[in-house]
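Feature list (source: TrEMBL):
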- H213: active site, proton acceptor (ACT_SITE)
- G44, A45, S46, G47, G48, I49, G50, D70, N130, I153, S154, N155, M264: NAD(+) binding site (BINDING)
- R117, R123, N155, R189: substrate binding site (BINDING)
- 39-181: domain 'Lactate/malate dehydrogenase N-terminal' (DOMAIN)
- 183-347: domain 'Lactate/malate dehydrogenase C-terminal' (DOMAIN)
Amino acid sequence: MLSALARPAGAALRRSFSTSAQEMPVFPLKYHNQKNNAKVAVLGASGGIGQPLSLLLKNSPLVSRLTLYDIAHTPGVAADLSHIETRAKVKGYLGPDQLPDCLKGCDVVVIPAGVPRKPGMTRDDLFNTNATIVATLAAACAQHCPEAMICIISNPVNSTIPITAEVFKKHGVYDPNKIFGVTTLDIVRANTFVAELKGLDPARVSVPVIGGHAGKTIIPLISQCTPKVDFPQDQLTALTGRIQEAGTEVVKAKAGAGSATLSMAYAGARFVFSLVDAMNGKEGVVECSFVKSQETECTYFSTPLLLGKKGLEKNLGIGKVSSFEEKMIAEAIPELKASIKKGEDFVKNMK
Ligand SMILES: NC(=O)c1ccc[n+]([C@@H]2O[C@H](COP(=O)([O-])OP(=O)(O)OC[C@H]3O[C@@H](n4cnc5c(N)ncnc54)[C@H](O)[C@@H]3O)[C@@H](O)[C@H]2O)c1
């Protein structure tokens, strides 16, 4: 079972996030004397995810400095966001020469840089382009903010996390507790779809999603859902398939214009806020994320994690699963292992 710690934290976080806009005016006062001074960088800030993610971060009282990096358009995005009446200082950085200054002093770096899928593509089809982008940006983080928490959104996450870890190892600054593959959108989707089927408020539903972030490696643990829900097997199979292919649902609907951006921005912001809350000393903050792991025979795996001041504090593990879920875990392992190896080999073969 997902730890009892997870449920109130997850629900409370989602509640506070969804009401933050209405409460905006009181935030700066309410949080004035607290440690809400996170310096956050977004790399790939001008993109479909990067822009709304930066907006949500700018809207948060947890963030005091927001540095935006991209190879295009960051001066405009930063100028635009900087007029919003929240205290986070926003600055744009354009091109590799300005990347070091964007990163220096950062507590958290979020990376949605890279190309998204088009209809007919798998996340692995993005490997050739995105592996180089992530490796380059990870190298800059290792050099200029080695202590920061690194949150990778760029796909294929099942390979870009091993890539980031290997790059940090090469620079001698690797801390497995600080490198996170952002899989939060899978949890957000699972909560929404379960709520729709059961007529519940999605903000009160909490489904852990484990494994990886591609097709069959996305494993929703409906048996651990809070509140407890039951589905006949045919409905459970269809629901699980919909969660696994929800990204493709958006890719198809966008018909060539990219993949999920707005829901991903929401999910990315939720993950960053959880992390910053935990870094600020809030207890019982739990999120699932694709991290270095000893929970299965895969060296990286997503499970619910207790977050703390220094990042991953405790891996809460897979917990009790149904036979249906156990079978999915077994089936996901070969694909996950191959994606992890592909990422590690990429860095080994880099000049
Ligand atoms: N983890 C998830 O759940 C999830 C969900 C949706 C999308 N994604 C992934 O997020 C990534 C971004 O998606 P998007 O829709 O925002 O794409 P996008 O094309 O709209 O934006 C990508 C941005 O990255 C920038 N970029 C490219 N190369 C760069 C570099 N070397 N340095 C800095 N910035 C660079 C581009 O200029 C662009 O602004 C894709 O890889 C996509 O597959 C992940």
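Using N, Cα and C of the backbone, Cβ positions are placed for all residues, glycine too.
Here the structure is a predicted model, which means the values were calculated and not measured.
Compared over the binding-site residues S46, N130, S154, N155, the count of CB atoms lying within 10 A of a residue's CB peaks at S154.
Taking the recorded positions R117, R123, R189, H213 in turn, the residue surrounded by the fewest other Cβ atoms inside 10 Å of its Cβ turns out to be R117. One way to see the shell of the substrate site is to take the Cβ centroid of R117, R123, N155, R189; the remaining same-chain residues with a Cβ within 8 Å of it are P116, P156, H213, A214, G247, T248, V251, S259, A260. When the alpha carbons of G44 (NAD(+) binding site) and R117 (substrate binding site) are compared, the span between them is 16 angstrom. There are 24 other Cβ atoms within 10 Å of the Cβ belonging to M264 (NAD(+) binding site). Under DSSP, M264 (NAD(+) binding site) is assigned to a helix (H, G or I) in the three-state scheme.
Residues within less than 8 Å, Cβ to Cβ, of G48 (NAD(+) binding site) and separated from it by at least 6 positions along the same chain comprise P116, G258, S259, T261.
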